[in-house]
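*Asks:* The structure follows.
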Amino acid sequence: MDIRASLSILLLLFGLSQASPLREFEAIFVSEPETVDITTQILETNKGSSEVLFEGDVVLPKNRNALICEDKSCFWKKNANNIVEVPYVVSGEFSINDKSVIANAISIFHAQTCIRFVPRSIQADYLSIENKDGCYSAIGRTGGKQVVSLNRKGCVYSGIAQHELNHALGFYHEQSRSDRDQYVRINWNNISPGMAYNFLKQKTNNQNTPYDYGSLMHYGKTAFAIQPGLETITPIPDENVQIGQRQGLSKIDILRINKLYGC
């Protein structure tokens with residue numbers, strides 16, 4: 001890690017500590033899950049959630065009647081310096097260890113895009129990162145206090161934090177793209193009863209970017225399967241293409257953020 005990246009993370013941690021004072025000291029490193037993709041981890045954690053969720057981890061705001069974010073009202077605003085500031089606070093329930101993971105996730109956006117997550121002062125619209133009962137977020141800016149949930153027992157990983165924050169910037173799951181049927185096959189008979197609605201296509205702005213099998217926002221092959229190991233999503237024409245990952249934002253994920261916000 002170079003000096004600038006290290007400094008960035010230290011500054012982020014300082015901001016997090018100002019948002020809510022640290023109450024305990026723990027080791028700074030947390031490992032990502034080694035055997036499952038991010039979506040599988042999220043869905044497993046969210047099984048016990050009392051929140052009404054769409055596509056596994058998306059909250060439908062009360063001021064919208066569908067998962068639609070078509071106009072600029074649900075995007076975060078760019079300032080005079082062409083920087084998109086997203087005010088946020090972090091719950092005091094998170095440990096210093098948790099906050100370092102969140103800071104790491106935020107630093108990826110700062111290093112690769114014009115998005116800047118800034119500690120909230122008096123801004124009316126802001127993200128509140130909280131230890132709720134699951135991993136979830138709304139799509140885009142909803143107005144006022146906007147909860148991004150990262151449950152301490154299953155969601156505090158850099159990749160999951162990036163995934164949920166990317167939802168908050170306005171991005172859907174990759175397999176929800178309007179043109180997805182050209183790239184994946186949905187195996188409807190393998191989907192758990194009552195879960196098919198999670199595979200509906202959305203009216204998306206694909207920004208003239210290619211379908212990204214490697215997107216951080218893509219379901220894994222067995223999402224919502226009726227039994228373990230059954231594929232609910234199969235890449236086409238090459239069924240062996242890997243989908244679902246845990247590392248973090250892909251190059252195309254980053255490209256789309258920059259295109260959407262005119263970075």
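Glycine too: its Cβ is placed from the backbone N, Cα and C atoms.
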*Asks:* Considering the Zn(2+) binding residues His163, His167 given in Swiss-Prot, which of His110, His173 is annotated for that site as well?
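*Replies:* Zn(2+) site check in Swiss-Prot: besides His163, His167, the record includes His173 out of His110, His173.
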*Asks:* What other residues of the same chain, not counting His163, His167, His173, have a CB atom within 8 A of the CB centroid of the Zn(2+) site?
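*Replies:* Close Cβ neighbours, site residues excluded: Glu55, Asp57, Val58, Ser137, Glu164, Asn166, Phe171, Tyr172, Leu216, Met217.
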*Asks:* Rank aside, I only need the closest one: which of the disulfide-bonded residues Cys74, Cys114, Cys135, Cys155, Cys263 has its C-alpha nearest to that of Glu164 (active site)?
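*Replies:* That would be Cys135, nearest by Cα distance.
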*Asks:* Provide, as an integer number of angstrom, the distance between the C-alpha atoms of His167 (Zn(2+) binding site) and Cys155 (disulfide bond).
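*Replies:* Counting only the Cα atoms, the answer is 15 Å.
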*Asks:* As a test of the contact definition, list every same-chain residue at least 6 positions from Cys74 (disulfide bond) whose Cβ is closer than 8 Å to its Cβ.
*Replies:* Ile139, Gly140, Arg141, Thr142, Gly170
*Asks:* How far is it from Cys263 (disulfide bond) to His163 (Zn(2+) binding site), counting Cα to Cα, in Å?
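*Replies:* Cα to Cα, Cys263 (disulfide bond) and His163 (Zn(2+) binding site) are separated by 20 Å.
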